[in-house]
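Novice: So TrEMBL has the following annotated:
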DOMAIN    27-116  domain 'Cadherin'
DOMAIN    117-225  domain 'Cadherin'
DOMAIN    226-333  domain 'Cadherin'
DOMAIN    342-437  domain 'Cadherin'
DOMAIN    438-547  domain 'Cadherin'
DOMAIN    562-659  domain 'Cadherin'
TRANSMEM  672-697  transmembrane segment
Amino acid sequence: MDREALCELSPTCFLSLELVIEQPIEVHNVEVEVLDINDNAPRFPRQDYRLEISESAVPGARFHIESAQDPDVGTNSVLGYQLSPNHHFVLVIEQPIEVHNVEVEVLDINDNAPRFPRQDYRLEISESAVPGARFHIESAQDPDVGTNSVQGYQLSPNHHFVLDLKGFQSGRKLLELVLQQPLDREQSALQQLVLTAVDGGDPPKSGTAQISVRVMDTNDNPPAFDRSTYTVSLLENALPGTLVVKLNASDPDEGSNGDVIYSFGSYTPQKVRQLFSVDPHSGEVRVNGTLDYEEASSYEIYVQATDQGPVSMAGHCKVLVNIVDANDNVPEVVLTSLYSPVPEDAKAGTVVALMSVTDQDSGLNKQVSLRIPPGLPFTLNSFKNSYTLVTQGKLDHEKAAAYNITVTATDSGTPPLSSQKVIHVDISDINDNPPRFEEPVYSVYIPENNPLGALMCTIKATDPDVAENAYVSYSLLDGEIEGLPVTSYVSIKSDSGNMYAVRSFDYETLREFQVVVQARDAGTPPLSSTVTVHIYVVDENDHAPQILYPTSTNTSAALEMIPRSAYAGYLVTKIIAIDGDSGQNAWLFFHLVQTSDPGLFRIELHTGEIRTTRKLGEDSTPTFNLTVEVRDNGEPPMSSSVAITVAVVDRVSKIIPDTRRHLKSPSNYSEITLYLIIALSAISFVFLFTIIGLTVIKCYRYSLYGDSCCAGFCGVRERCPADLYKQANNNIDARLPQGLKVQPHFIEVRGNGSLTKTYCYKACLTAGSGSDTFMFYNTCGPTGTTGPSAVVTERHLTGQSGQSAQNLIILKNDSITPNEPKHPNPDWRYSASLRAGEGELSLSCVERTKLPGS
C-alpha cells in the first residue's frame, strides 16, 4: 500500500471499507487510517541550477532557488537545507528568515592569464586592398589588477601585416592590424596569424588568439586551357553522344570569378556546330550528328572558356578532329534476276539467280565475299562483284518444294560487317514418281455367296508428286481366271480404288484367285505401278453332308445284314459321308436319331461306325429299322439322314451287291471323282508323250553316227556285228603301226540291280601290243575315267569311209614288255552309269549279244 499514491500530500489518509457477511447477511463499515513512513527522499525540481550574476552585483543581492519537495508528511518531510562552504554566498531561508553576514577581504595574485574575448578572429580582406589599410581587433582582458593585468601584445611573423599598439597605449580597448604588402588570393588565399597578450605578473602569463585572414577574390585572372590545340582521332561510325575530348580550362579566381563556361568560338563553322556539341559546364565535346569520312576527313573546332566575373574574361583553344575511316557500311546484295520455279530435273549448273554486291566503303572494307548455308543443292559462282546462284545437286520436289536460300555478304573490314538476303526459289514438280501402294501385296477374304457388287477392299496408292502428277487412277490388268476375263469376277473404281465383286463366289468352285491392279497417275508421260491382290473365298456352310454309303431312296431303306450270333461290338456297317464345305463346316458328326431297339445299336460320333451294344438273343426280331443323321459343324449346321434296315440272318454269305442301288448316272458322279479322272488322264497322257519324245530324240542321235543300237525300233537297217567289228578293226589298222594285230575277244558282263540281263561284249585287243589295251566303241561320246589303274586316252581314228571314229576309246593298263603279251586285266571297272544300274551303258561294245537263258 502506498500512502502517497492514495492520499498524495494530505496530512491524513483514511480508507473506508464495507465488510459483507453472507450467512446471515451483515454489512459493516470499516475506516482504516494509513500512516506515513519515511520512504521518500527530498527532491529538487531540477538537479542543476545556473545563475548568471554580474560581478558588479552588490553584496546583499538575493537570488531565488526552488525548494525541494518530499511526498512524506510530518517529520518525514523536508526539515532544513545546507549550502557547501564558499566565500561569496550564504543561504537564506525565508520561512523563517535567517540572515548571516560575512565580510571577506580577497588579495589579488596573478592567477589569471590574459584572455581575448574570442579565441578565433576571422577577417575577410579583398585582394585588391591597398597597403596601409587598418583592421580592428578586440583587446585581451585580464581579471587581475595592477601589474598583473595585460601589459603588451605580440603578432606572429608574416609578410603582409603589422600590429599598431598606439591605441592600446592611449587606453583604448581596440587593436589595429595594418596591411603592409598587397595580398594575392591566387598565391595565398588564407593567412593564419597568432596574436599574443602578455600581463606583468611574476611570472608573466599570456593568452593567444587565432587571426584567420581570408583573402577575398577579385576577377583578375582569365580562364586558361591545358593546351592551346587538342588533336583527336575519331572513327566515322561514332554514334551521337560519343565523347570526342574533354577540355579543361582553369581559372585561379574563386566563386563566380572562377566558374568557367565552355562554348563554341566565333570562328567555328555552322556545319561543325551541327556535328559536335560542347557541354558548357564539363567542357566535354561530343558527337552530335552523323560523321562521314567520305565527306570530310577532319574538322577544326574553336572553343572558348569564359568566367562569370562582373567583368568576364575568356580563354581560347582549338580542337582538331581527324576522322578515321571505319567499316561502317554493310555490303548490300542486289538481286538482278531470278529464275523460279526451277524444274526438279534441272541439270547441275543451271543458273537460278544473278546477283551483284555493293559496299560504300573503300579498300579492304569494300572487298565482299558471298556464301550460302551448306547442305543445299546450290552453289555460288563469282565474277568480280557479280555472282550467280546455280544448281549443284539433284533437286527433288518431293523432299523440298521450295528453298529459302540465305545469301550472306561479308566484307573484309575489321570487324567485318555482313548482310543477308533471302532468295525464295520454288521447285516445280515433274512426274518422276510412280504411284506407290500402301501394301506390297493385298490379301482379301470374301465369304462365298456374296451379293453382287459387294465391296471387297479398297486399294490405296499415293503419289508424292503434286497436282495432276499426283492424281491416281486405278484399273485391272487384263488376265483370265479359269478361262474368263478378270473383269467378269471383280471390278475396281478408277478414282477411289474400291474393288467390287461382279459375281457371287462359290468356295467349292473357286477358292482363291489373284488379280493385278494398276495405279496410274495423270502426269506426262504417265507413270504406273502394279500390285497383286490375292482374293480368298471364305467357305460358308452352304452344303449339307452327302452320304455315300449306304444309300437309301424315298421308297426303300438301305439293307444291312448281321448274323444272329453277332457279339457285342459287332460292326454292322460304317456310314461314309462327305461335305462339300471345308474347315469346321466339313467336320461331320454321326447321330443315331431313330431305332426300333434303342439299346441294341450305337454309332461312333466321328467315324460313323454302327456297332451292336450287346449280343443278339434267340428271340430277337428279324429286322431292325435305323435312321442315321449326319450333321456338319457349320453355323447354322446342316444335316442329311439315311434309313437303314438291319436284317438278322443265321449266316452272312457273300452277296453280289445290287448295283442298281449304288450305280448312278454319269451326271450324278461326284465332282471330286470327276476331277480325279481328269487328273489321272492328264498325267497318263503327259507320261506317254514324254516316253515317245525321248525315244524319238535318242533314235535321232544314234542315226547321226550310222549305228543301229535302236535300228529295229526306228526303222534303221540293223548292221551285222561282224561288220561293226570289221569296220572298227579297219579304222584301227589305218592308224596303228604295221605288225600290230587287233583280234576280237569276248567279255561277259552280268548285270545286277536294275541291269537284269546278261550281255556279251566283244573287246578288240591288239595281238602284239606292249600293254593290255581295251578298245570299246562308245556310242554316246567320250567317257570318263574307267578305273584307278587305267589311263583313258581318246584316239581320233578315221575309218575307210572317211568318217571320224571318235567313239573308239582305248583303255590302257600298266606298261609291259613288247615281247610278253598278256591277257586283259580282269580288274577293270565299269563306268559310273553302269555301276548305278542305268538302262544304257556309257561304256559299250560294238556288239551286244544276249546270252541264252538270260
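A Cβ is built for glycine as well, from the same backbone N, Cα and C atoms used for every other residue.
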Novice: In this predicted model, what is the average pLDDT of the domain 'Cadherin' (562-659)?
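Specialist: Here the predicted model's pLDDT, averaged over the domain 'Cadherin' (562-659), is 86.
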Novice: With helix taken as DSSP H, G or I, strand as E or B and everything else coil, how many residues of the domain 'Cadherin' (27-116) land in each class?
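Specialist: Residue counts in helix, strand and coil order: 3 helix, 12 strand, 75 coil.
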Novice: Write out how many residues of the domain 'Cadherin' (342-437) are helix, how many strand and how many coil, based on DSSP.
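Specialist: Its residues fall into 4 helix, 49 strand, 43 coil.
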Novice: Could you give the number of helix, strand and coil residues in the domain 'Cadherin' (117-225) as assigned by DSSP?
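Specialist: Split by secondary structure, the domain 'Cadherin' (117-225) comes out as 7 helix, 52 strand, 50 coil.
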